[in-house]
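S.K.: Dumping the structure here so I can ask a few things about it.
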Amino acid sequence: MLRVDQTGTILIKNGTVVNDDRYFKSDVLVENGIIKEISKNIEPKEGIKVVDATDKLLLPGGIDTHTHFQLPFMGTVSVDDFDIGTQAAVAGGTTFIIDFVIPTRGQSLLEAYDQWKKWADEKVNCDYSLHVAITWWSEQVSREMEILVKERGVNSFKCFMAYKNSFMVTDQEMYHIFKRCKELGAIAQVHAENGDMVFEGQKKMLEMGITGPEGHELSRPEALEAEATNRAIVIADSVCTPVYIVHVQSIGAADVICKHRKEGVRVYGEPIAAGLGVDGSHMWNHDWRHAAAFVMGPPIRPDPRTKGVLMDYLARGDLDCVGTDNCTFCADQKAMGKDDFTKIPNGVNGVEDRMSIVWENGVNTGKLTWCQFVRATSSEAARIFNIYPRKGRIDVGCDGDIVIWDPNQSKTISKDTHHHAVDFNIFEGIKVTGIAVTTIVAGNIVWSDNKLSCVKGSGRFVPRPPFGPVFDGIEQRDKVRNELLRKVDRKPYEDDNTKNSSK
């Protein structure tokens, strides 16, 4: 891998700047990693790096809200570590990722956080942040959540409603976690599947002799995702706190989110590249390896309408920002479940191809405008997780994370050319038109001419303050609701014996 001089200074000439609210032709000057000037005809200073972006778009660096790099999971570890994973990210135009700290049940949140941060700090090639999963509940967890928010830069906590006997929390635990999130100004996130019913469905499939990858989707149908999504939103609304549903994979779950949003509930939905780019019919492929490669949770749905409908929701703003749930396992790891689909490590790729998949299926189909694309792949995530406009916008004072995007250049996605460590790509053979030709992180070119020039460990941890825009109006809303909750003044109840004895 090439090493570059990290000056953080670059001048981009003749491009079209695209933010989520407007686009315009301009030059962009980045100095010391920060955008210094945006105007036409900027004269380059002596010795400065100049890049010509004629006929190209200048986009805010992509933000992937959902990755799992080097995750210990289901008896193995995902093969895209923080080095390889962030190389793949920048090769596709993503310059910021938010990974998940996932403590084991009973483990200290702070201990797990410190481990994840150490792994990341040593390897990341772009800036990053960390969500933290809550896999159990106690007074210790409550105290450690406060420390994470106030001292460690965390403003989001995830609950699993699935993975029974592992990560799954009960509804009562989730209620208390949501209350604590509200107190701390952190957004509650939810993996929404009915874990008890999934557990029973898995037993049923195995009893019927369905042991292959198709059993994965059959045991956790769309209805279980939709039901859990509704339940999570109802619980969050009872607490009056914002909730963010991760990896929305089904029409049913998206419908539920849309319904509650129309009723004024503060809920956010995250579709992922897999669900927007392919369908789950691959799990019925006769090649076991091929079928197993598509196993993730919630499943990619086999209904071929799903990816189009999810894109429609994204275009309307009923779903918010696109993540990937990038969690990759090679063939020998997936083969742990060759005789039992419940043992197939769940996870697929996506961090490298996310932006091109959204462009191909959104912009190129006429469903998304350029500005809506930026909203879906960058700016809305920055707002929700309270790092806007530092991230998610091209403007003076913002971080110099910029993608030079060629809307007319094509490529065919393949495991043979991708930058992941995994030996399979779920988007294999898909031709996309619209790709990142140059990726700039903090003013430094890290991807250009189909070559990476990253510096391992050069990325920075970005703390995310609490009480972001998702909490706007929450206090007043809660106050108004509570004013409607009044007791009825009435005389003490007296039965006939009491009445007679008082005479």
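Cβ coordinates are placed from backbone N, Cα and C, and glycine is handled just like the others.
So Swiss-Prot says this about it:
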type	residues	note
BINDING	His66, His68, Lys158, Asp325	Zn(2+) 1 binding site
BINDING	Lys158, His191, His247	Zn(2+) 2 binding site
BINDING	Tyr163, Asn346	substrate binding site
MOD_RES	Lys158	N6-carboxylysine
S.K.: May I ask you to report the DSSP-based helix, strand or coil state of Tyr163 (substrate binding site)?
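M.R.: DSSP assigns Tyr163 (substrate binding site) to coil.
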S.K.: I'd like to know which of these binding-site residues, His66, His191, is least surrounded, judged by other CB atoms within 10 A.
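M.R.: Sparsest of the binding-site residues His66, His191 by Cβ contacts within 10 Å: His191.
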S.K.: Looking at the binding-site residues His191, His247, Asn346, which ones sit with their CA no more than 10 Å from the CA of Lys158 (Zn(2+) 1 binding site)?
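M.R.: Near Lys158 (Zn(2+) 1 binding site) by Cα: His191.
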S.K.: For Asp325 (Zn(2+) 1 binding site), which residues in the same chain are close in space, meaning a Cβ under 8 Å from its Cβ, but six or more apart along the sequence?
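M.R.: Spatial neighbours, sequence-distant, of Asp325 (Zn(2+) 1 binding site): His66, Thr67, His68, Val246, His247, Ile272, Ala274, Met296, Gly347, Val348, Gly350.
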S.K.: Using C-alpha atoms only, work out the spacing between His191 (Zn(2+) 2 binding site) and Tyr163 (substrate binding site) and round it to an integer in Å.
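M.R.: Counting only the Cα atoms, the answer is 10 Å.
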S.K.: Under 8 Å Cβ to Cβ from Tyr163 (substrate binding site), same chain, six or more residues apart: give me those in sequence order, or none if nothing qualifies.
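M.R.: Correct list: His191, Gly195, Gly297.
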